[in-house]
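Following: one structure in structure tokens, then a few remarks.
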Amino acid sequence: MAVGLAITSAKEQYNGRMTWFVVLSCMVAATGGLIFGYDIGISGGVTSMEPFLRKFFPEVYTKMNEDTKISNYCKFDSQLLTSFTSSLYVAGLVASFFASPVTRAFGRKPSILIGGAAFLAGAALGGAASDVYMLIFGRVLLGVGVGFANQSVPLYLSEMAPPRYRGAFNMGFQFCVGIGVLSANLINYGTQKIKGGWGWRISLAMAAVPAAILTLGALFLPETPNSLIQHSNNHAKAKRMLERVRGTADVQAELDDLIKASEISKTTKYPFKNIIQRKYRPQLVISIAIPFFQQVTGINVISFYAPVLFRTIGLGESASLMSAVVTGLMGTGTTFLSLLIVDKIGRKSLFKIGGIQMFVSQFLVGGIMAAKLGDHGGLSKGYALLVTILICIYVAGFGLSWGPLGWLVPSEIFPLEIRSAGQSITVAVGFFFTFLVAQAFLAMLCHFRAGIFFFFGGWVAVMTIFVHLFLPETKNVPIELMDRIWREHWFWKRFVGEDYEATKVEGA
């Protein structure tokens, strides 16, 4: 059942091999990213479809087609329309806090199962929606599903993965997000051509497919050894699972660390209260900063509203949806590249490379739109193509860095006693700022015009500097020994014990 060579952490002597058991388990769990990605891609597509707008948002449809005086940048500015997109993220924010005690008390598997089932129900409501309220209630159920899945899946992947390949395994989640976005863009492109104007129903209802994959797959998922120890205290069962996951009987060193972490965890009755203690300050700051920065990269300008944005610069409905397909393909491809190299190059280097790429492309897009796109008319074909290429470069930078690493790094830095609480904070902060950006973007586009790209580009510069100064490298560090990286860091050691004589962590 083994694939690959034996892997042993050079410093910590954790033994194991890459087994088909862990590969298949993580592949099933990572499909939690499909539901998130599909929803991101589908919502932007249907909101650019004229039959959908005509049925649910007639005021936007009128502004887009009949009002010749309104600015290019303001045609889609509708709080009801943005509520359709952002309601999911409010529900996801609330659900992530309910997911934390479920994940901590019952394990990662039940949270994944709840997430898949809720998303399945939301997909059914969306496809059958007869009015805007039914449509938004379906979005709320989708949000509950995404909240549970995003809280539990990254933890599951980080705990199951061998330390040397944890980055690649965890990035499977973001890779599935990319596949979900790309699939949604392709489906939108196909359904908008259906005569009769009901293609949007297929787009929304097809969300049931990834939800069904996740829900059925979760029924057969094994629980992680960390979770078995934490919520059942069955060391023998956890050891058998660890032997199966690692493909060897020599797992005592890792098991001892897991038991020790679990004992510490059980002394922590109120993880949300404990996470604000001084000794957890680095993890708390990173758990808030990373998802905040991930959202103010401006990726949601592309992910949610790519077809809307492309229509703003003068492309037609079909061309806009095809441009969204191209950008989705670019993002998925670079996420796969990141998956292959993250455990060799490291997290910090990818963060900085992607940050520079996004910064340059955003400022160029903003400059072109400021100089060449007025309030009426559109860009010439040459400039529209150039903007599309620059947006692809931007999406490639995000797919290489802040997309997958935004989920990977927070999921691997927490000690077991605050891990579910920390992941809930990460997910909640991400949802909160996703909601703000989704709700405010169309109004910001109307008021900032091309300056919206300079706004987000400025944040990309800030976050790249932050990573360089304050994020230690986590490559190859066993998840239960992650506290050492903070004790060695020039800034964070003052919070977690400056006098601690830490062993140098490989790759830090």
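Positions of Cβ are set from backbone N, Cα and C atoms, glycine also.
The structure displayed is predicted, hence computed values, not measured ones.
Taken from TrEMBL, the feature transmembrane segment applies to 20-38, 80-99, 111-130, 136-157, 169-187, 199-221, 284-306, 318-342, 349-371, 383-409, 421-445, 451-471. What TrEMBL records for 25-475 is domain 'Major facilitator superfamily (MFS) profile'.
Under the criterion of 3 or more C-beta pairs below 8 Å, with sequence separation of 6 or more, the transmembrane segment (318-342) and the transmembrane segment (80-99) do not qualify as touching, having fewer than 3 such pairs. Non-local neighbours of the transmembrane segment (421-445) in the same chain are 73-74, 76-79, 81-83, 85-86, 89-90, 92-93, 96-97, 99-100, 103-104, 143, 147, 150-152, 154-155, 271-272, 274-275, 283-284, 287-288, 290-292, 294-296, 300-301, 304-305, 308, 312, 406, 410-411, 413-414, 452, 455; each lies 6+ residues outside the stretch with a CB under 8 Å from one of its CB atoms. Per-residue confidence over the domain 'Major facilitator superfamily (MFS) profile' (25-475) averages 84 (mean pLDDT, predicted model).
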